[in-house]
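Take a look at the structure set out below.
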Amino acid sequence: MTKRHLLSAGDLTRDDATAILDDADRFREALLGREVKKLPTLRGRTIITMFYENSTRTRVSFEVAGKWMSADVINVSASGSSVAKGESLRDTALTLRAAGADALIIRHPASGAAQQLAEWTVEEDGGGPSVINAGDGTHEHPTQALLDALTIRQRLGSVEGKRVVIVGDVLHSRVARSNVTLLHTLGAEVVLVSPPTLLPRGVENWPVTVSYDLDAELPAADAVLMLRVQAERMNGSFFPSAREYSVRYGLSEKRQAMLPDRAIVLHPGPMVRGMEISFPVADSPQSAVLQQVSNGVHVRMAVLFHLLVGADREAINV
C-alpha cells in the first residue's frame, strides 16, 4: 500500500486490504505473551485523534494501537479545543499540521470531512500528515470494514465466497457502506436486509442483493452483521415502532436457530440489546462482537504501520 491516507474503503485494492489484514495478524502474534505490550515501530511519531462525535471502540482502539507502537498519541475533541470558541475545522487542521502531527485520525458528523482534512493539510512539496477516516457522517468507516473482514477471515477461514447479510439501518450507516465496498473487493457476496425506508437511494447500483425478509436470508448466511438504528440521525419516522422493528428485523434466539452452526454474528457497536439483537444472541458463542473489538486494535496498528512506515515487515517483530 503506497497511499498516504485512508479515507474510504474504496481506496483499498484487494492486495492492499489483504496486506493490512495479514499485518494485523502479525501484530497480534508479535504481542502475544508480552508482559509489556510495546513495539518500537512508531517511536518518535505523533498521532493526533480528532473526535467530533462520541466514540468508545474506535477512539480507544486507535489510542491503544498508537501507544502499543510507541507513538505519542494526543487527543483533540470539539469541547476541549478552540473549536468550542468558534475555530473552523480547517484552522484546527492547519494548526495540528504546524505542530508536527504525523497522522490525523478524524471522526466528524459531516460526510466528506476526512477528504477535506487531507486536502487542507497537504504541503507544497506533497508532504503533510497522513489522514485516517474514523467515520464521517453517513459516508464511510474504512477501518471498521477492515476489522469486520479480519474477524470473518479468522472465524471462517476466508472472506472470498462467503455470504454476508447486513441487517438494519443501511440508510444512515457508514459501516454498511464501507463493508459493502470492502467485502465486494475481497470476493464476498453481500445481502442487505432492511425496511424500504432505511435503504439509500441508488442502492440498486451497489454490488449487493437487497431483501426485505430476514428469515429468508438467514439459512444461507455465513455471517450476519447487525446494524444499530441511528435515531440521532433521523428527522422523521422510518418505521412504526421500536417493537415492530425488532419483530421484523431483530436477531432473536428463534432467528439465530435458523443460522448454520458455523455462521457468525457481528455488530459494530454500540449494541441496542433487545432491539436489533437480543441479549442471549449477543452473548452466544456465535457472537464475534468482542473479537471485533480486539481485532480493531490490531487492524488500526496495521493501518498506521502501512501509512507511516511502509512495507518493512521486520519492523513488526522488533
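Backbone N, Cα and C define each Cβ position, glycine as well.
Remember, it's a predicted structure, so these values are computed and weren't measured experimentally.
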(message) Looking at the carbamoyl phosphate binding annotation from Swiss-Prot, with ARG57, THR58, HIS141, GLN144, GLY269, PRO270 already listed, which candidate in ARG26, ARG90, ARG97, ARG107 is the matching residue?
(response) ARG107
(message) Could you state, as a whole number of Å, the largest distance between Cα atoms of any two of ARG57, THR58, ARG107, HIS141, GLN144, GLY269, PRO270, the listed carbamoyl phosphate binders?
(response) 16
(request) By Cβ count within 10 Å, point out the most packed of the binding-site residues listed: HIS141, ARG228. (result) HIS141
(message) Residues other than ARG57, THR58, ARG107, HIS141, GLN144, GLY269, PRO270 within 8 Å, Cβ to Cβ centroid, of the carbamoyl phosphate site?
(response) SER55, THR56, ALA134, GLY135, VAL175, PRO268, GLY296
(request) Cα within 10 Å of ARG174 (L-aspartate binding site) is the criterion; apply it to the binding-site residues ARG107, HIS141, GLY269 and give the hits in sequence order. (result) HIS141
(request) Please classify the secondary structure at GLY269 (carbamoyl phosphate binding site) using three-state DSSP. (result) coil
(message) Excluding near sequence neighbours, so keeping only residues 6 or more apart in the same chain, what lies with its CB under 8 A of GLN144 (carbamoyl phosphate binding site)?
(response) THR58, GLY135, ARG174, VAL175, SER178, ASN179, PRO268, GLY296
(request) Would you mind reading off the Cα separation of GLY269 (carbamoyl phosphate binding site) from ARG228 (L-aspartate binding site), to the nearest angstrom? (result) 7
